[in-house]
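Database features (TrEMBL):
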- A:1-25: signal peptide (SIGNAL)
- A:58-78: transmembrane segment (TRANSMEM)
- A:98-115: transmembrane segment (TRANSMEM)
- A:121-141: transmembrane segment (TRANSMEM)
- A:153-173: transmembrane segment (TRANSMEM)
- A:179-202: transmembrane segment (TRANSMEM)
Amino acid sequence: MNIFRLAGDMTHLLSILVLLLKIYATKSCSGVSRKTQELYAIVFLARYLDLFTDFISVYNTFMKIVFIASSLAIVWCIRVHPMVKRSYDKDLDTFRHYLLVAASFLLALFLHEKFTFLEIFWAFSIYLEAVAILPQLVLLQRSGNVDNLTGQYVFFLGAYRGLYILNWIYRYLTEPRFTRWIACVSGVVQTALYADFFYYYFISWKNNSKLKLPA
Amino acid sequence: IVEGKYHDEL
């Protein structure tokens, strides 16, 4: 474990806590894409299939459970909780996210570490996570003004994988046989998708103005 | 942490 990966995991955890705070405090999910939340739930379920069979550390197991439980709880909130469900704007959240699931799974069938059930689902979860934010970014562009907590949620979610890239560079330089091409390339693509969001987020922070993504 | 296990990252 290195400082970049720990910072990345903590930033990821922070993004989830900010989203939970937003939903709990405002009893609303306005500006939040349910589809992105559903994709993330699939990402964690597909990636942590080895949760009970492969023990790495208490930290690793604990965080996997937190990520799975929180992503399912958020999807449950948006789908079932009467107050929150009412604020979900399905007319804005129209990204055809099942195409992202299909494309990622198809790619995982061709590009994986080993042709085994666990490795194909692991690669699938890596590819799916890279594009999971798309419905959310499209929703932000459509919904015009973005409330602070939602903006912070997306910012931390994008930053965590950026920190993981530093972690992969660090591990590549310090561990002899470290190669994680699938995770690295996918992580770079994932972080690049946030590029324009980061730009507008920085502008809004610098001008101390409301975050607004151009339509 | 058992480093080096294949998927030791989250």
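Glycine is treated like the rest: Cβ placed from N, Cα and C.
With a cut-off of 8 Å between Cβ atoms, the residues of this chain six or more beyond the transmembrane segment (A:121-141) that come close are 31-33, 35-36, 39-40, 42-44, 46-47, 49, 89, 92-95, 97, 100-101, 103-105, 107-108, 111-113, 150, 154, 157-158, 161, 182-183, 186-187, 189-190, 193-194, 197, 213-215. Tertiary proximity for the transmembrane segment (A:153-173) is limited to same-chain residues at least six positions away from its ends with a CB under 8 Å from its CB atoms, namely 2, 4-5, 7-9, 11-12, 14-15, 18-19, 22, 32, 129, 133, 136-137, 140, 179-180, 183-184, 187-188, 190-191, 193-194, 197-198, 201.
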